[in-house]
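Presented below is the structure to which this report refers.
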Amino acid sequence: MLSLFFNFLTSCLWPSSSTTSHTYSDSKGKQDGLLWYKDSAHHLFGDFSMAVVQANNLLEDQSQVESGPLTTLSSSGPYGTFVGVYDGHGGPETSRFVNDHLFHHLKRFAAEQDSMSVDVIRKAYEATEEGFLGVVAKQWAVKPHIAAVGSCCLIGVVCDGKLYVANVGDSRAVLGKVIKATGEVNALQLSAEHNVSIESVRQEMHSLHPDDSHIVVLKHNVWRVKGIIQVSRSIGDVYLKKSEFNKEPLYTKYRLREPMKRPILSWEPSITVHDLQPDDQFLIFASDGLWEQLSNQEAVEIVQNHPRNGIARRLVKAALQEAAKKREMRYSDLNKIERGVRRHFHDDITVVVLFLDTNLLSRASSLKTPSVSIRGGGITLPKKL
């Protein structure tokens, strides 16, 4: 009965995707309505697959895969593969800025040190944060809302037999490890999350702000920092980092009642380094839109049990099917709902699946394949900030 109701509702209120969707394809990927995908491509150490589905009126997720030289000096090392997933909130400006600048900063610092390292990654995050702060300062007088725009920022770097994973916010990187004796796959989460729905993150916020009993507030059954935002770390969200951007003309809902004594949110990434092993088969990098619907283990089993080609798109579809199931509606009906309204049913979802070939990893120093650079989303962006 509820499914019939949604049929009626979608036909009356939301135009069918068959009349409003557009489909195109090129070497960078394919677009089908609100879904963009690159089913299969090669990176330095194997294959990869990408998919993005839009729910917000403006796509707030951005993503990229870069493979080849990881420095600005193309003739020298290190060589590797870089994956970035940037889940924006409050608007698309910060995630787009990160997509345009973070990888370039990483290459610059890697060139200075002639290597990849935790320090290189941290400096790249810091430079990106400082760059966006400059954008906010420049636009504050005419566009104060930009101070309340931010982005989660998850990256992975495969280089010299190591995997570096860095994160701010609540996107997630999960490794699929195969158990040789059984052929089964286990999920190993490599990223730390910074969402105050997690008790340890709330405890961290209380320890950093012992004089503020309202640093984390339960509002409408959801934990939020200062009753406003769920993540405790991000790029951007300058209104919760710099007091000069937490005042008029910023909207009242973003302004704090009491003076800001110190930055409330942090840009500092949690960084892990994993020595890659032969049983490390693939990596899933995804925004929280995927993980709201699928567990880590469910996701790695889908990848393990299906063909590689189009596997990111398959994960997105599995998440959408679960979102439809939660609303007791059909998947086909969910797909008819237009962007904007769709956000009431699920978030923007970005997925990158990176397969790892042990033989290619062992020969990394001798590989000189063409560079790869693909951005997820297939959306024409306005002029850079």
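Residue numbering: from 1, along the chain as shown.
Just so you know, glycine gets a Cβ as well, placed from its N, Cα and C.
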Listed in Swiss-Prot for the Mn(2+) 2 site shared with Asp87, Asp288, one of Asp32, Asp347, Asp357: Asp347
Environment of Asp87, Asp288, Asp347, the listed Mn(2+) 2 site - residues of the same chain whose CB lies within 8 A of the CB centroid: Asp61, Cys152, Asp170, Ser171, Ser287, Gly289, Leu290, Trp291, Glu292, Asp348, Ile349, Thr350
Greatest C-beta neighbour count within 10 angstroms, which of the binding-site residues Asp87, Asp288, Asp347: Asp87
Secondary-structure category, per DSSP, in which Asp288 (Mn(2+) 2 binding site) falls: helix
